[in-house]
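Asks: Can you read through this structure? Questions will come right after.
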């Protein structure tokens, strides 16, 4: 495969990478916690803990790739390198769909969490209108070329964690001082399967660290540290939030306020409007960052695939004045508006991360190919593996294939209509890919 060398300034340390990754991952479970609670019932902590397995598996795979191949591109580059152009395109195109949904859930989530200040903001059509305005604002900023720095993200991460820590410390104090409510935990097959359908997709966003490998200082060290740090922090915070929800008896409150579940939990436990506003506002900031992240990631993905010849060159066209990929930015923003227009958290949550789950499955297969094809590369981080008929197979890939196939099966059985949405997006992309490929040979 022909390599194209791109020089990027390496100025992202472990903390900056951790901030980038955590803001993306946390925005996912901040947005979906209410939906997961609604479907998991009293098994919420269990489904959230099991759901984190998806994050750890793909994170460990990205860690091995990133420490050996310090190049920007993430899953798109890794899969294209190991499995070829067609699978690389499918990866990039599927990830771009979730980047669009990230824009949508970030905008709608921001509006919903701010409803503690403006109660009517979370009601349709107001939530839809405000969400679209947020997308338009961030779209214009990106076209003009204004970028948020990683250090700014780090500052916002600290603000967010202070808000969450305030809720957890005071919340658990209230629970302990007033008596723990031990819920009945009957094994309910529907609770488990429906909850896992969402929780296995509830920790996406770690891709941003893999995509930033080419900009990382000492990637062989900073990438593993950042990915493991984000995975551990996200798992602990999500588990503590879900346990607090269950033990405090707030399960009904959280599951009936799917738009701003953590804000509702704060109001229920703290009975202090100012603390509740602070916690909701800090989460709204993280969700607002995800709008920008989605636009930047989509435009970067489309630009890269266009530059690599997998999409029409026109899509990589850059604005003459501002030097930004304006067509890709506008495309992602307009598509995201279609998902925010109904103002439905359920619609976005049901559609989100189906594409990423497929990509994660392909990443596990690519890791097997990587372990056997590129034995000459120095691996500063290597997951344990076994040898099957002279083929080296990482244990992460074995478990990952099982987990992601299970996740896809659950989605197909329980939310099949949304699989059709993703397949439609994929078919559109493959049509563009094949037409573009044929035009290059004429």
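Glycine too: its Cβ is placed from the backbone N, Cα and C atoms.
TrEMBL annotations: computationally assigned, not manually curated.
Pasting the feature list from TrEMBL:
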type	residues	note
TRANSMEM	12-31	transmembrane segment
TRANSMEM	43-65	transmembrane segment
TRANSMEM	86-108	transmembrane segment
TRANSMEM	128-145	transmembrane segment
TRANSMEM	152-175	transmembrane segment
TRANSMEM	226-253	transmembrane segment
TRANSMEM	273-296	transmembrane segment
TRANSMEM	351-370	transmembrane segment
TRANSMEM	391-411	transmembrane segment
TRANSMEM	417-435	transmembrane segment
Asks: Can the transmembrane segment (226-253) be said to touch the transmembrane segment (152-175) if we require at least 3 CB pairs below 8 Å and skip pairs under 6 apart in sequence?
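Replies: Answer yes: the transmembrane segment (226-253) meets the transmembrane segment (152-175) with 3 or more Cβ pairs below 8 Å.
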Asks: For the transmembrane segment (43-65), I need the partner stretch with the highest count of C-beta pairs below 8 angstroms, choosing only from 86-108, 128-145, 273-296, 391-411.
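Replies: The stretch I would name here is 391-411.
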Asks: For the transmembrane segment (86-108), find every same-chain residue at least 6 residues outside the stretch whose CB is under 8 Å from a CB in it, and list them.
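Replies: 24, 27-28, 31, 74-77, 79-80, 127, 131-132, 134-135, 138, 204-205, 207, 259, 287-291, 293-295, 297-298, 301-302, 304-305, 308, 310-311, 332-333, 335-337, 339-340, 343, 345, 348-349, 351-353, 355-356, 358-359, 362, 422, 425-426, 429-430, 433.
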Asks: At least three Cβ pairs under 8 Å linking the transmembrane segment (128-145) and the transmembrane segment (273-296), pairs spaced 6 or more in sequence?
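Replies: By the criterion, they touch.
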Asks: Sort out the residues at least 6 away from either end of the transmembrane segment (391-411), same chain, that have Cβ-Cβ distances under 8 Å to it, and list them.
Replies: 53-54, 57-58, 60-61, 64, 193, 196-197, 200-201, 354, 357-358, 360-361, 363-365, 367-368, 371-372, 383-385, 418-419
